[in-house]
Every structure is written in C-alpha cells, then in structure tokens.
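Quick notes on the structure that follows.
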C-alpha cells in the first residue's frame, strides 16, 4: 500500500497562505505594463540564480565537504565511492534539481503576477501532493544505486582479505562475494518495499508456503546446496588436489555449491553431488604435499637379510624422483611361502598420479638390478613333479594282456 493519498486539486491551508503572501507582494502590480516589468524582473532574477548563484554555491560546498571528509576516517570509503561515481556527477544532478525548483517557483510567481490564482493553486497542490511520491522514488533510486556501488566494494574487500591469507581460495572468495551480494540485494529489496510502505506480512506468508513447496520438491538440490557451503568452510580439498571420494579417485577440477567435479585417470569427468561428497570418506593425497609409497620384495631364505636391506636402501636413494625427506626405509616384514618379505617405503613430492607410477616403476627396476648385481636371489613359487617307481603288487590284467590259452572257452573250466 502506498503512503501517498489521492491527488488533491484544491489548495490546502498552507498553500492558501503562500498564495496570499504572493498576492500581497504583487498587489500593486495591476497594469499590464507593471506585470510585464515584474515578469521580466522575475525571469532575470531566476536566470541569475539558476545559472550563476546555485552552481557556485553547490561547487564550493562540494569542495568544502570533500576536504572535510578526507580528514576523517570515512574519507577512504568516500574515495572508493567516488571511483565509481565522480563527485561532480551528483553535484550536477543537485544543480539541475535546484534549477528545476527555481523554474517551478518562478512559474507559480508569474501565474500570481498575471492574476491566475486558481491555476497557481492547482499547480502548487499538484506539487505538494506528489512530493512524497517523488521522495520515495528518489530514496528508492538511492538505495539501488548504493547497492550497485556496495557490490563492487564487497568484491574488492573480499579480494583484499583473501590476498592477505592462504586460508581462503579463489573459489571460496567467489562464493563469499555471491552470498554477500545476495544478502545485500535482499536487504535493499525489503528496504525498498518499506519505503513504499508495502505490507510485507502477506509476502512473507506466501514466501513461507513457497519455501515449503520448493523444499519438498527440491530437497536433493537443497541438500547439495547446504553441503556445498559445508565443504566451502571445512575445506577438505581444493581445485587441483588428488583425492579419493568413496569409490571415485581423481583430480578435483571444479567445486560449486551444488556439485564437485573430478577427472579420473582414464580421462573421464565424474560429477558428484555435494551431499554425496559430504557423506563419503575423503582421502586427500595432496593435502600434506608429500605421499608415501610402498613396494614389497622377497629374498631367498639363504640370503643375508641385513645386506639385502642395505642394497635396497642404496638402490632407492639412487632414484632421483624419490624425495630425500622423509628418508626411505627398508625393513623385513614377514615370512612368505618361499621368501623373506621386505617392505620398502619411500616418499614423492609433490604427489601426483604420473609421479606415483614413475617412482614405483623406477624403484622396482633399481632394486631388481641391484639384487642381480649382488647375487641376491628373488625366489618365486616352484612346483616339482616326480613319478612313483612300479613295485610288485596287485595288478588287474586287461583281456588283451592275458596269454592266448587263457582266452579260450575252456579257460575257466575245471577238471
């Protein structure tokens, strides 16, 4: 509901008093010649004030205010505002507004000079009745203009804060800016509605029912949205990290407030909703900056274990892609079916899938070549096949193995 009432054509008591005052001033002006002289005088006076006096006063006031503001704590904030809107532009708008008021007042005075009291009263009534609406329009425009300037200021402030710390990534800065801008626009919209005195109760009730309907229909999306903010502030990974999320493993390529995108080692892109990411076990192999790898090797039971450990250590140290710190380690781990199992642990820096494959393969080759040079046997399961020697025992003869005389019809007869 608007606060401005219906437009009144008739003058109010204050307006009548103003018109009576003007009529008293110009009461002696009755002839056409006198009215013409008064008209010329008013036009000249109005032109002088509008063209020279008003701009001079406003410019000097602007200069004085600028100097005073620069000496205060708010000076830096005003300087940032003036970067978007130079001080000369509002000054010109103010000059034009005052000149317009002078022109309107001059027109009313001329109507009184020429005896058009009713017309002057109507114009004055229209102006007075429309003044609140004009004020609301100006205030609404200032609100949205301030929101426009504030959005850029928020972006600069967040960028300056983010550049001074490593705790906030570029993606998190963008999300923070968007959330702040959204909150600012909501505040400005509500303030604008309040300026026009629009009842927010019905809007809030309708928004509540709409929120329930949307929440029921899009609970999966809303869950991902909330999980996106949780991931943003908990920061379990950033773009470029090598992670394992549930059953998926790859490099994080993008994180939004709705989903997380991975590129796996087959070159495929996997898009995961943030609610699934938040509820899954996350392994970040890039967080620490180094990654430990493990290789197992078996040596013969007859080999010297300490010597095999030293040879393996020297071989690993000779691989240039293995990090020096933390140092590699080799130690006996267990007894195998045909060998003593040694476990070699070494680190790579920085962690990446290609470096993991490269380091593992080179360490395996280095240990194999070193053991071959030292004559250390790497056993493998073997199967020996042997046959039994034939001994005297029970034997079943087949029919064609029996003697010829035993195969006749009388072979089974007895005397």
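Cβ coordinates are placed from backbone N, Cα and C, and glycine is handled just like the others.
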Annotated stretch (transmembrane segment, per TrEMBL) among the listed ranges 13-35, 36-58: 36-58
TrEMBL annotation of transmembrane segment - which of the ranges 151-174, 175-198, 247-270 it falls on: 175-198
Range annotated as transmembrane segment in TrEMBL, from 93-114, 115-136: 93-114
Chain residues outside the transmembrane segment (36-58) and at least six past its termini with a C-beta under 8 angstroms from it: 26, 29, 91, 94-95, 98-99, 102-103, 105-106, 109-110, 113-114
Beyond the flanks of the transmembrane segment (175-198) by 6 or more, those residues with Cβ under 8 Å of it: 1-3, 136, 139-140, 143-144, 146-147, 150-151, 154-155, 158, 168, 228-229, 232, 257
Per-state residue totals over the domain 'Mechanosensitive ion channel MscS' (222-286) - DSSP helix, strand, coil: 19 helix, 25 strand, 21 coil
